[in-house]
């Protein structure tokens with residue numbers, strides 16, 4: 001999960017943060033889960049259903065190669081979006097479609113390969129979970145365990161949608177070969193490790209949680225996943241403050257347990273939703289419809305980036321005060337900050353003397369810059385705000 005300086009959310013009202021978390025759990029999570037469920041279902045239906053080993057290898061390799069290509073060109077995509085803000089939305093949507101397809105291919109392909117070669121056994125689930133966890137811990141990429149809904153909810157922006165960070169930050173060294181190897185590490189080490197963890201936690205529930213009663217199993221998964229997620233929401237601020245005061249070794253242990261709880265609750269919630277989706281949308285046509293509908297709604301809400309994963313999120317050093325406990329859930333908070341800042345700008349305009357230029361030094365435009373066409377219709381003074389985005393509201 002991305003890291004933030006301690007105390008970042010302090011200036012956001014509690015009701016805004018509550019609304020953000022409700023939105024993440026009740027709207028964003030089901031939509032993204034449905035989109036992924038449809039992607040897996042359609043991939044399994046159309047990609048060599050009768051030649052399983054070859055089909056599994058094909059979609060895994062194709063998905064990984066396409067994802068690697070996006071990683072390599074992510075800086076160019078961000079630059080193009082910055083130079084052409086009016087057409088950036090279209091570019092982001094098109095690339096977003098490619099991203100979700102490639103990532104689903106990589107996940108579905110590797111997941112099926114693991115099932116095919118390791119078999120459907122409980123011991124293989126434990127091995128997958130243990131191996132994925134150990135690899136992420138040893139490589140300093142524990143934060144990648146929790147990088148999606150219901151523990152992330154934010155607006156699409158080019159710098160987020162195309163943010164393919166790498167473990168070793170090789171781009172800063174200027175070596176193309178080293179940078180390419182760094183990207184390969186993200187694609188073929190970090191992401192597969194996350195898939196291993198999800199596969200282990202998911203399948204162990206398939207084998208142990210009422211396998212002969214799918215309806216009751218789905219209900220238990222949904223209820224348990226929702227309750228644990230809510231508990232983690234409520235505890236995140238307290239745990240973050242406590243963790244920052246601990247010694248490095250103790251911090252490592254607390255953060256690892258926290259991340260394992262978060263990924264386990266995500267897997268449990270998604271599993272329950274997927275069982276219900278499979279029961280409700282049995283027909284191919286209905287699955288096509290709801291998959292496209294989920295993607296369309298996410299696009300309308302400017303949440304399409306929640307469906308994709310890029311890069312590797314390296315762990316911050318344990319000897320500095322960096323918060324990795326709080327979840328990056330700030331969809332409504334960005335709207336709230338924009339409204340407050342624009343209101344301040346209007347008041348400043350009303351109080352200025354004739355001929356005096358409008359000062360915008362304390363203001364920012366996080367949401368306005370996100371969707372410029374819509375924002376200009378709602379906020380006519382948008383062109384007068386030209387400053388970079390601070391992380392928090394001005395005092």
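Any Cβ shown, glycine's included, is placed from N, Cα and C.
TrEMBL lists transmembrane segment at one of the ranges 200-217, 218-235, 236-253, 254-271, namely 218-235. Taking every recorded stretch in 54-78, 90-107, 177-198, 218-235, 285-304 and counting its Cβ pairs under 8 Å to the transmembrane segment (119-138), the highest total belongs to 177-198. With Cβ pairs under 8 Å as the measure, the transmembrane segment (285-304) is packed most heavily against 21-42, out of 21-42, 54-78, 90-107, 177-198, 218-235. Taking Cβ pairs closer than 8 Å, the transmembrane segment (54-78) reaches residues 43, 47-48, 91, 95, 98-99, 101-110, 112-113, 116, 158-159, 162-164, 171, 180, 183-184, 186-188, 191, 310-311 in its own chain, all 6 or more past its ends.
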